[in-house]
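Per TrEMBL, the feature active site maps to 50. Positions annotated as active site, proton acceptor by TrEMBL: 115. Annotation source TrEMBL lists Zn(2+) 1 binding site at 48, 81, 143. What TrEMBL records for 81, 116, 388 is Zn(2+) 2 binding site. Under the heading domain 'Peptidase M20 dimerisation', TrEMBL lists 164-309.
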């Protein structure tokens, strides 16, 4: 049904001789927009169709699938994550084609259908198709970071953070097996007690502080001039103060995520009856791995922190942090995105950032060295809680800005190469 909805909404995209379209894995979509200069390396715009569940009974101000407009905002699940980008990209292309525009640089549009459950059917199959066609991509642009306005304490003015990497991820199962027994004759330690003690050790001994050893360092260095003293001085001299700043950032959960690999115990299962000592206790731990660590290093640290042979550890799934994409003056994709943002919002400060969550873009790391995660959605204080939460919304003005962003980005990508960067050596 959604495929038919797209055809009705964007008739020019589906009828243009410049656009090839195919359905992938029943529900995902891949578009190829032909360029007039095939020697120019193509790029890929990614978004995803699926959304996380939502129920009106959770306390929404409008039914979560109504797209009801209240005070200039469109309310609904997917308005931020990620239908606004699905529709925004296609709307921009529709307008360009109606205007008679024909791109010089060809590009792909990939719309996955299962990003919220890791993208193994949608994005993964889109990637396989591109690989079979020997596609090499100049860059990939997916969802991820946004324009933060008043969100970073002490920062003067809004900042557009372009994600240049993602933290790794791991889910680890911890379990303790013992002989069951009657609660009237309990042993000195039970499976629940042993496992609870192991979990407590993990919470009391967080992963090492690594602030300054990953791409988060570049974020703060780029933003330093927008802070007042003393933060401006501290951020401009992270070679000296990164440890101090790391101690400050780790105090709050939302900034602690930039400092280290985070550890969250998310499930704990044991017991079937009040008078039976259970044979088995299980806990699941979700970790988001800092760019300066590997999955194996994290597993070794869990093992040593638990420090109990009776606690069995099993890796359910996991992967290393993603490679860090280039963001210097010669990085074509980064500079095109940056230019597009600054043309639209001249007062915004643009900086590289790190995604603490994961996106479909990670499946495309074999097709390009440069993956970026950004859309110009404006986040004000409190908006982050709407993401996967209640009252997800986007203003009509911001949705129009999203369309304008892709409309301009596609045209900006038509340059053959970036102009030469300014020399860092003073002419004198």
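Cβ coordinates come from backbone N, Cα and C, glycine included.
Shown on the structure are the features that TrEMBL records.
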residue	record	Cβ contacts under 8 Å, 6 or more apart
48	Zn(2+) 1 binding site	82, 86, 111, 112, 113, 114, 115, 116, 119, 122, 123, 143, 360
50	active site	112, 113, 114, 115, 116, 117, 122
81	Zn(2+) 1 binding site	51, 52, 143, 387, 388, 392
Helix, strand and coil counts within the domain 'Peptidase M20 dimerisation' (164-309) (DSSP): 58 helix, 37 strand, 51 coil
Among 115, 116, 143 [recorded positions], residue with fewest other Cβ within 10 Å: 116
CB contacts for residue 388 (Zn(2+) 2 binding site) [other CB atoms within 10 A, all chains]: 16
